[in-house]
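J.: Input: one structure, supplied below.
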Amino acid sequence: MMSNLKLGVEVISARLKPREDYGGVNAYVELRFDDQKVITMTKIDDSSPVWNEKFFFNISDTEDLSNQFLDAYVYNKTSSITKSCLGKIRILGTAFLPYSEAVGLPYPLEKEKWSMFSSAAANGGELALKVFLTDNPSPKVPNLISTKKIPSKSRHKFHNIPTNESNHSPRGNQQSFQPQPPPPQSQTALPPPMMESSLYQAPRFGTPIPTTMGFNPNPPDYSIKETKPILGGGKRARSSDHDLVEPMEFLFIKIVKARNLPSMDLTGSLDPYIEVKLGNYTGKTKHFEKNQNPVWNEVFAFSKSNQQSNVLEVIVMDKDMVKDDFVGLIRFDLNQIPTRVAPDSPLAPEWYRVNNEKGGEIMLAVWFGTQADEAFSDATYSDALNAVNKSSLRSKVYHSPRLWYLRVNVIEAQDLVIVPDRTRLPNPYVKIRLNNQVVRTKPSHSLNPRWNEEFTLVAAEPFEDLIISIEDRVAPNREETLGEVHIPIGTIDKRIDDNRTVPNRWFSLKTENQRRVRFATTRLHLNVCLEGGYHVLDESTYYSSDFRPSMKELLSHKQPSFGVLELGILRIEGLNLSQEGKKETVDAYCVAKYGTKWVRTRTVTNCLNPRFNEQYTWEVYEPATVITIGVFDNNQINSGNGNKGDGKIGKIRVRISTLEAGRIYSHSYPLLVLRPSGLKKMGELHLAIRFSCSSMFQMLMQYWKPLLPKMHYARPLKVVQQEILRQHAVNLVAARLSRAEPPLRKEVVEYISDSNSHLWSMRKSRANLFRLSSVFSGLLGTGEWFQDICRWKKPVETTAIHIIFLVLVCSPEMILPVMSLCLFMLGVWNYRLRPRQPPHMDTRLSFADNIHPEELNEEFDTFPFSSQDPGIVKMRYERLRSIASRAQTVVGDIAGQGERVQALLSWRDPRATSIFMVLCLVSTVVLYVVPFKVFVLLAGLYIMRPPRFRGKTPPGPINFFRRLPAKTDCML
């Protein structure tokens, strides 16, 4: 008897990669379960189809449900009678969940059949399904097409059930059903179902991680958009250094100093400060104690767009314990204030008499100007007059310290003295310290130990001392210092290339109290040098902004600049709340980094649509570099935040080589942040970018030069060592920039430098796997196209290929010219399809738009020690083992194919080797007798022979190759 339990499948959407020979994708999905089959409607010419169709299957045996499975095939309808499989997925019956726990998930499509010589391969992509069990489907379950053979000729119709009421059936005679409202879904769901084609495994340990993310068929708009701002005030010619931003007018008032202010207290003293008042905005200078001639040198800037009064008041106040006393004031009519236009000279301050009977004068200057004014960067802005830490609001320019690689070769030590036990054999090792970097040699059991170990550290100018000490391990947890030496790095030799040899040096060690070691002098033999021929990497090599060496002599002579990069940071629109959700507004500022120059815009407080309109320039030395712009939420404005870091709102990268010289790129870039809750769009950053080339020839010649300095190729660093040194370099840069005023905080430097790019991420692994498949998709597509040529599926095209083949065989000298001409014509053809805007972060390429919460939870987990429950960590380990087992199988198959090639002449299979040797001897005679052109012609015609001359079984050479032995049978 058939049970009332039904299997529901909702086909949501897909993301497909079309084959080049088919052009667009006419996709539909075929579902198979328990000898039943249904198909969706066909989406014409759509690589991202959305169906939202729901189907229900009868379950014949509920007790055997765990042994059943659901197959979903995605087909491309190439014509009215032909189709091609784009991929399939299989979901096991053990993964079927109740409707209240089911969630829509994207499943990666896999090949229908895999073989080294098979052409049936999936092109990649994903299919989003929601699979659930229910005993009360909304409509009556339609008749399903059975996969078993039915003797009668009657046709069975089935009905697809759209999830939207506005969707209609794709077939005219079908009946559309109106589903009843389903029961409310729970906010907590289990991890994704176990399946053969997915990387997920259902957790069997611990508490499942809540999942609130489903597959969103209509994701937010993450694309880059072109904008048309009024740059430079609408002037076409370059009239100033701020022609990439929109002009913003400010009222500037510079308070310089005062003299002969009257005394207010009974003691005859005065604690003066000045209030600058414009409407409801009031700015205050710092106060001086008992000073009637104070010097302030402070600048206030009031936005003209927020002007609330026509009178500016400058009030002199006396700070008191109970209530501040009024000293005097000066009033200015805004209609009489002059306007200064850069690059005019600064307005000279003047003495103004305070409106007070007792006298007193203030030197100040008042004028209208724009953000191009020199006083703009040092001003206190009207939107942040009440901030406690006003220094963190200003725009500043920083420069990274010059970094060097410090190479230390610890050779040997002599005359170690053990005090007080001189008879004990020591267990010494050398410890090297520089900043926060500590390295150690291996222990050596001798009074005259020899190590001969080399270490590389990162040093930053201005240099700190290098501390080298010899430690004696007297117990497992006890060490004694036998002596140490402080080496000023400024006295160390510098090396430009590998041709120069740095001499070794002996250093005398001292004890902690700076006395010579008793009874003898302990000496340490070292080879220390500063490597000036390297570029110290403090960014990822994939999007680095500088590749120049550390030595200044190499900077100026061998790599001059050939262009200028100009960046205009206009504004941000639609900022969301901070990541904690505790702040109602955002105090946003931007940081841009290119080369060694960092720039920081002013902080616009309490604004969700801040306008910056600040412009900066950099010299360009290498086209294959990237400028990084990050947006942050300033949490240092008011006191009480402690060590709370600035919030990350998003960042973008622009590669210089993708920019056309002389063109202004004005676009709005989405600010994307990946959080444990998923991908979030924080707003849109509006930028204007222009790359100006001063020497086109020099820039083109730069493409032929090595990307890194010579020392990186003469004495290359290991990949692991280079990554460790990069982390030290980022820490050094962050430590130095955090000492500036205002400081550029450590979390900002790490976020811009992407210091965590080396950490494990399942999302990045999947993305890189699909990137790899996309790279080889063209090669696989060419192979499939050639197989279609050989099978004569397109007779006209096959005939044309035969003619071209005959021409090239008869005139082999035309092969290389024709290939070069084809590549040239392909480039000309693709010119009309060239990108019109700079590349931006692709959420689909990054697999960030539809990622499972468990993967995000793992990506944001702490390292190297996890903060998750041991059961979850064990589940992740089991999942990683499952992935590694698949990789292990693929690597083993590839190795087996190579071992079969080696087995041709290894005599592991005597008969196979004998056959191959006979074939080689026969082919030698044939190739000697038959002309080469004739041989190539016959071989090509044989390979492209018509189907009637082909068999249905693989050819003999492939059968022979598959029988060759591999070393798989020797594996344990």
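Using N, Cα and C of the backbone, Cβ positions are placed for all residues, glycine too.
As annotated in Swiss-Prot:
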type	residues	note
DOMAIN	1-107	domain 'C2 1'
REGION	142-203	region 'Disordered'
COMPBIAS	150-159	compositional bias 'Basic residues'
COMPBIAS	161-173	compositional bias 'Polar residues'
COMPBIAS	179-194	compositional bias 'Pro residues'
DOMAIN	232-352	domain 'C2 2'
BINDING	Asp265, Asp318, Asp320, Asp325	Ca(2+) 2 binding site
BINDING	Asp265, Asp271, Asp318, Asp320	Ca(2+) 1 binding site
DOMAIN	384-507	domain 'C2 3'
DOMAIN	543-669	domain 'C2 4'
TRANSMEM	803-823	transmembrane segment
TRANSMEM	924-944	transmembrane segment
J.: Let me make sure I understand the structure: which of the binding-site residues listed (Asp271, Asp320, Asp325) has the fewest other Cβ atoms within 10 A of its Cβ?
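T.: Lowest Cβ count within 10 Å among the binding-site residues (Asp271, Asp320, Asp325) is Asp320.
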J.: Look up Asp320 (Ca(2+) 2 binding site) in the DSSP assignment and reduce it to helix, strand or coil.
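T.: Coil, per DSSP.
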J.: Could you tell me what the rest of the chain brings near the transmembrane segment (803-823), counting residues at least six beyond its ends with Cβ under 8 Å?
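T.: Here the qualifying positions are 933, 936-937, 940, 944.
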J.: Would you mind splitting the domain 'C2 1' (1-107) into helix, strand and coil residue counts from DSSP?
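T.: Computed counts for the domain 'C2 1' (1-107) are 9 helix, 56 strand, 42 coil.
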J.: Please classify the secondary structure at Asp325 (Ca(2+) 2 binding site) using three-state DSSP.
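T.: DSSP assigns Asp325 (Ca(2+) 2 binding site) to strand.
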J.: List the Cα distance (Å, whole number) between Asp271 (Ca(2+) 1 binding site) and Asp318 (Ca(2+) 2 binding site).
T.: 5
J.: Tell me, how many other CB atoms lie within 10 A of the CB of Asp318 (Ca(2+) 2 binding site), whichever protein chain they belong to?
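T.: There are 20 of them.
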J.: DSSP helix, strand and coil counts for the domain 'C2 3' (384-507)?
T.: 8 helix, 63 strand, 53 coil
J.: Count the residues of the domain 'C2 4' (543-669) that DSSP assigns to helix (H, G, I), to strand (E, B) and to coil, and report the three numbers in that order.
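T.: Computed counts for the domain 'C2 4' (543-669) are 11 helix, 57 strand, 59 coil.
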J.: If you average pLDDT over the domain 'C2 3' (384-507), what do you get?
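T.: PLDDT averaged over the stretch: 87.
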